[in-house]
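*Asks:* Structure incoming, see below.
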Ligand SMILES: NC(=O)C1=CN([C@@H]2O[C@H](COP(=O)(O)OP(=O)(O)OC[C@H]3O[C@@H](n4cnc5c(N)ncnc54)[C@H](O)[C@@H]3O)[C@@H](O)[C@H]2O)C=CC1
Ligand SMILES: CC(C)CC(=O)C(=O)O
Ligand SMILES: [Mg+2]
């Protein structure tokens, strides 16, 4: 099993190191980890955030474990050279169109979320976010209007086949859970969303057992705080899914807990925490590595079918949290390495 490890920038290397410790402790057969440069770190070394060598490593691997990219000191670069292009480029180049972002409250953390415990304890949801289209990948630019004002513009669009395939992912996920799918859009204003809604309804005919609902994204943001327990699977576009998943992370306690899988057709996938490079805490042993460790569990489950090992990791994280091992993000004082060690001990 060949796993590409792309640590990236900021806290990326710190949290990835802990996830690698966990993978190595499992004693997996023929584990082959191969590192590659991405993001600002890759730009500084190779002049590009996603060098050809890195893409080659990604293509030669069965799966990717990814840290985070982003470096504010490089934000002046042309957009195609900015660190974030590494993760956007991998998603596009490798056809990673389905982003799964599960959120549930771990036992013992009910009091630590920003919601009331009786509200937070109801959360067990999955956000299925489309990852290859939407305004993130549309044409964009800046121009000067005839009256001299500067204007920035980004094109939002979804083609029906793009909506159809992510809708199938959403319905399939719902079939394996509580059979409830909520499609989140902004169809009252956007043509892109109207087409999205129409296509989701078409696809729903193939899944008669799944209860489909639709919700506008502004209401969804509100409902996630008011009554998150109503959601089972949410399927939504790239932009809305990005925003709602950061919000969902705080509903369960911390962004340092939310893992993700970015899947292509088949078993190939990239696995990363939903957070970014967190420059404010980078290099200080303050980052919570649990989101990356849980991403490694998703990697074993989705790309290698190693359900038992995935559950071992998830149980070890849950046990560490239940034993009070908490980073600063959860009001505790455990450092990145200490949290990693606590999970390793409980495997
Ligand atoms: N997939 C990726 O690589 C992503 C990259 N980014 C990039 O990351 C950089 C920073 O972006 P921000 O908007 O600040 O988002 P961020 O997710 O990096 O940080 C937001 C806040 O959450 C905290 N935080 C994040 N992860 C944490 C962890 N594991 N443990 C404890 N606290 C944690 C940070 O300290 C910060 O206060 C930017 O350059 C951005 O473009 C942002 C999101 C995703
Ligand atoms: C390109 C990333 C910065 C987008 C993002 O925030 C995410 O995928 O969560
Ligand atoms: Mg994000």
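Note: Cβ is positioned from N, Cα and C throughout, glycine not excepted.
Okay, these came from TrEMBL:
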DOMAIN    2-343  domain 'Isopropylmalate dehydrogenase-like'
BINDING   91, 101, 129, 218  substrate binding site
SITE      136  site 'Important for catalysis'
SITE      186  site 'Important for catalysis'
BINDING   218, 242, 246  Mg(2+) binding site
BINDING   276, 277, 278, 279, 280, 281, 282, 283, 284, 285, 286, 287, 288  NAD(+) binding site
*Asks:* Out of 218, 278, 288, which binding-site residues lie by ligand 1, with a C-beta less than 6 Å from some atom of it?
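*Replies:* Going through 218, 278, 288 in sequence order, those close to ligand 1 turn out to be 278, 288.
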*Asks:* So among 91, 101, 278, 280, 286, all listed as binding-site residues, which is physically nearest to residue 242 (Mg(2+) binding site)? Use the C-alpha atoms.
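*Replies:* The smallest Cα gap between residue 242 (Mg(2+) binding site) and any of the binding-site residues is with 101.
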*Asks:* About how far apart, in whole Å, are the alpha carbons (Cα) of residue 218 (substrate binding site) and residue 284 (NAD(+) binding site)?
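*Replies:* The separation of the Cα atoms works out to 36 Å.
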*Asks:* Less than 6 Å between Cβ and the nearest atom of ligand 2 is the rule; apply it to the binding-site residues 242, 278, 280, 282, 284, 288.
*Replies:* 242
*Asks:* Considering only the binding-site residues 242, 280, 282, 284, 286, which possess a Cβ situated under 6 angstroms from at least one atom of ligand 3?
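*Replies:* Checking each Cβ against ligand 3, the ones under 6 Å are 242.
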*Asks:* Nearest of the recorded positions to residue 91 (substrate binding site) by CA-CA distance, picking from 186, 276, 282, 284, 286?
*Replies:* 276
*Asks:* Closest of the recorded positions to residue 246 (Mg(2+) binding site), Cα to Cα, picking from 136, 276, 282, 284?
*Replies:* 276
*Asks:* Using C-alpha atoms, which one of the recorded positions 101, 129, 136, 186 comes nearest to residue 282 (NAD(+) binding site)?
*Replies:* 101
*Asks:* Going by a 10 angstroms cut-off between Cβ atoms, which of the binding-site residues 242, 246, 280 has the sparsest surroundings?
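*Replies:* With the binding-site residues 242, 246, 280, fewest surrounding Cβ atoms within 10 Å: 280.
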*Asks:* Using DSSP and three states only, what is residue 101 (substrate binding site)?
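*Replies:* Reduced to three states, the DSSP call for residue 101 (substrate binding site) is strand.
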*Asks:* On the 0 to 100 scale, where does the mean pLDDT of the domain 'Isopropylmalate dehydrogenase-like' (2-343) fall?
*Replies:* 97
*Asks:* In DSSP terms, helix, strand or coil for residue 129 (substrate binding site)?
*Replies:* strand
